[in-house]
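Okay, structure first, notes after.
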Amino acid sequence: MALRIPLRVCPWWTLLCFGLLAAVARGSEKNHKYEDHEKVNLWVNKVGPYNNPQETYNYYYLPFCKRHPAMKAQHSWGGLGEVLQGNELIHSQLDIKFKESSTGTEICSMILDEHKASVFEDAIRRQYWFEMFIDDLPLWGFVGELKKDDKGVEQAYIYTSKKIDVSYNGDRIIQVNLTTAVPVLVAPGAKLDFRYSVDWHATKTPFSRRFERYLDYVFFEHKIHWFSLVNSFMMVLFLTGLVAIILMRTLRKDYARYARSAADALDGALDAESLERDFSEESGWKLVHGDVFRPPRHLTLLAASVGTGVQLVFLCTSVILLTIAGSFFEERGTILTCFIIAYALTSFIGGYVSGGLYARHEGRYWIRTMLLSASLFPGLCFGIAFGLNTIAIFYHSLAAVPFAYIMAVLLLWGFISFPLCLIGTIVGRNWNSIPNYPCRVKRIPSPIPDKHWYLRPWAICAAGGLLPFGSIFIEMYFVFTSFWNYKVYYIYGFLLLVVLILLVVSVCVTIVGTYFLLNAENYHWQWTAFGMSASTSFYVFLYSVHYFLFKTKMTGFFQTCFYFGYTSMFCLGLALLCGAVGYMAAAAFVRTIYRNVKCD
Ligand SMILES: *[C@@H]1O[C@H](CO)[C@@H](O)[C@H](O)[C@H]1NC(C)=O
C-alpha cells in the first residue's frame, strides 16, 4: 500500500517495488472508492504510551476481547517502510458498511480477571492511546482515563464505547472522527460491554483535501520559522561575501607578489638581496605546496566517507523533491521506502566518488575501499537497527521488524546497492586514474610549525560546525517535533531550502577554515575539512540531548534506546553528508589556489 504514490510518480519503479516488496492490496481501499453498502474495513494498528512514540504494541497486546475470537486474524501487510516504522494492521472484525449508520452495536463483552484488570490499569495510568485506520485515514483515542474518587485516589476507567463519525463525498470517504465514551471502573470482576456506533454525514470537501486536517498549519507557520529562514539567508549572504572579499584580496596580493618576483627573475635581476627578500616574504599557504597534495592519513576511510556523503547529498535532495512532487507524507512509511530504494539506486554515485578519490591519491587497496564505501553507512545503520530490534523483540513491541522484511533490506543491499557501488568504483577509478595535481609532492614531509591553539585542526573543526548548525537548528526543532511528537511534517519545500542553505554555509566555512589552516603551514587539510563541516552533526546531537531532556516526556529504557538510536543514525548521515560537502569544497579550493603558483 505504501508504494502506491511512488509508483504513480515513477513508473519505472513498478517492477522493482513489486518484485522486492510485494505490497498487498486491500480491496476497495486501493482506489478509495466505495459503492453504497459496500464493506468498509476498520483496521486496528497499535497501542502504546502516549509519551513514548516508538514504544508501540500490537492492539491485542492489551487483553481486549474480539468480536469473533475463533476467526483467524486478518492482516494487511504494508510496504517495507510501513513495517519498518512499526505498523501492523489487523482487521477489527467490525461490520461497517458504506453509508450505513448503526447505534450501540455490541462488539463483545468480557469479565475482567485479576491479571487483565492489572494490565488495563497499568496501561491507563501510562496514558496508552491506540491507532486505527479507516480507508488509510488514522483514528486515535485513549484507552481510558484517570478519575479521582471521593477520597482523592486516582482510579482507572476504561472506555467501552467507540463512536465513529465518517463524512463522505459521493463514493469517497473524506473525514473520520472517533469519540470514546462510557468509562467503566477497571477492577477484577467488572463486566465490560464494548460497543460501537457509526454515523455517516455527507460533505462537500473534495477528496484531494482530506489530509489537510492532519497538517498543523498553526504549528508550522510559526513566525520563528520564517524568522530563522531569513536569518540563515542573511548569514549565507554575509558568509559568501566574507569568503569572496577576504580570499580575493589575500590571494590577489599573493599572486601579485609572486608574479613580480617571477618577472624579476626573468629580467636576470636575481641578486642575493631580492632572493632573500622573496624567501622571507614567502610564508603561509604557498610554503606547503610540496605537501598539500600528499595523500591523507586513512585514505580508505576518507574515500569511503566522502563517497557515501556525496551519495547522501543526491539521495536527500531527490527524496525531498519526490516528496514535494508526490505528497508522500500522506502515506504511512512511503518516505522511508523511498529513502531505502533510492539509497540502493544511488550507490553508483558513492562508488564513483570514492573510487575516483582513492585512485587520484594512487591508493593500492581499491577493493577494500569499495567494500568499505558499500557498507559504511548501511552497516552502521544496520548495526544500530539490529540492537534496537533486539530490544524491541525483548519487549514484544511492534517496533520489532519481521524477519522477511530484514531479508528484503539485505537483498536490496546485496543485489542492487553493492553491484552498483562496484560498477561506480570501477568507472571512477578509470576516469580519475591520473593524479593531475598542480604541484608535485615532495619526498620528505615538511615539519608543521607550532601555532596558536586556535589554528590547530581540532579547534578549527570544533568551530567550523557552529555556523552550519546555527543555520539549521530552528528547523531541527520542527523536524524533531514532527518525528517525536505526532506532527505530520509536510513543509518539504522549506526543508529543501534549509538543506541548500546548510550546504552553502558548509562550503563557505570549510573554505575559510582551510585557508587559515594552510596559512598556518599545516597541510593536513583533508580530514580537517571533513571534520570542520561534519562537526555540525555533533552539535545537532547535543541539541537532541537537550530536546530529549526538556521537550519530550519520554520514559523508560525502551524509548530512550530508540530515541538515541534513531538520533545517532540521523547524525551519522548528517556528518557524512556535511563532511563530504566540506571536503569537496576544500579540495576544489586547494586545487584552484595552487594552480597559479610556481611549485618548485
Ligand atoms: C470531526 O471533528 C471536527 C472537530 O471537532 C468537526 O469539525 C468535524 O465536522 C467532525 N467530522 C465528522 C465527520 O464528524
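Quick reminder: no glycine exception, Cβ is built from N, Cα and C everywhere.
TrEMBL annotations: computationally assigned, not manually curated.
The signal peptide annotation in TrEMBL covers 1-27.
Per TrEMBL, the feature transmembrane segment maps to 226-248 (among others).
Per TrEMBL, the feature transmembrane segment maps to 301-328 (among others). Long-range neighbours of the transmembrane segment (301-328) within the same chain, counting only residues 6 or more positions beyond its ends whose Cβ lies under 8 Å from a Cβ of the stretch, are 5-6, 8-10, 211, 334-335, 338-339, 342-343, 346-347, 349-355, 357-358, 361, 363, 369, 372-373, 376-377, 490, 492-493, 495-496, 499, 503, 526-527, 530, 573, 576-581, 583-584.
Positions annotated as transmembrane segment by TrEMBL: 334-359 (among others). Same-chain residues lying 6+ beyond the ends of the transmembrane segment (334-359) with a Cβ under 8 Å from its Cβ atoms: 2-6, 13, 16-17, 21, 79-82, 84-85, 299-300, 302-304, 306-308, 310-311, 314-315, 318-319, 322-323, 328, 366, 369-370, 373-374, 378, 409, 412-413, 416-418, 420-429, 431-433, 580.
Marked as transmembrane segment by TrEMBL: 371-397 (among others). Panel annotation: around the transmembrane segment (371-397), residues 55-57, 61, 86, 300-301, 303-305, 307-308, 312, 343, 347, 350-351, 354-355, 406, 409, 413, 417-418, 421-422, 425, 557-558, 561-562, 565, 568-569, 572-573, 576 of the same chain, lying at least six beyond its termini, place a Cβ under 8 Å from a Cβ of the stretch.
If you look at the transmembrane segment (403-427), the same-chain residues 6 or more away from its ends with a CB under 8 A from one of its CBs are 20-21, 80, 83-84, 340-341, 343-345, 347-355, 366, 369-370, 373-374, 378, 382, 389. TrEMBL lists 403-427 (among others) with the feature transmembrane segment.
Long-range neighbours of the transmembrane segment (458-484) within the same chain, counting only residues 6 or more positions beyond its ends whose Cβ lies under 8 Å from a Cβ of the stretch, are 53, 219-220, 224-225, 227-228, 232, 235-236, 239, 491, 494-495, 498, 501-502, 505-506, 509-510, 513, 516-517, 528, 531-540, 543-544, 547, 551-552, 554, 563, 566, 578, 582. TrEMBL lists 458-484 (among others) with the feature transmembrane segment.
The transmembrane segment annotation in TrEMBL covers 490-518 (among others). Counting same-chain residues at least six beyond the ends of the transmembrane segment (490-518), those with a Cβ under 8 angstroms from any Cβ of the stretch are 215, 220, 225, 229, 232-233, 235-236, 239-240, 242-243, 246-247, 250, 284-285, 288, 292, 313, 316-317, 320-321, 323-324, 327, 329, 455, 457, 460, 463-464, 467-468, 471-472, 475, 478-479, 524-525, 528-529, 532-533, 536, 578, 581-583, 585-586, 589-590.
Feature annotation from TrEMBL assigns transmembrane segment to 530-550 (among others).
Residues or ranges marked as transmembrane segment by TrEMBL: 562-590 (among others).
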- The answer for the transmembrane segment (562-590), taking Cβ pairs under 8 Å and residues 6+ beyond its ends, is 54-55, 292-293, 302, 305-310, 312-313, 316, 353, 376-377, 380-381, 384-385, 387-388, 391, 399, 464-465, 468, 483-484, 502-503, 506-507, 509-511, 514-515, 518, 525-526, 529-538, 540-541, 544, 548, 552, 554
- Task: For the transmembrane segment (226-248), find every same-chain residue at least 6 residues outside the stretch whose CB is under 8 Å from a CB in it, and list them.
- Result: 467, 470-472, 474-475, 494, 497-498, 501, 504-505, 508-509, 511-512, 515
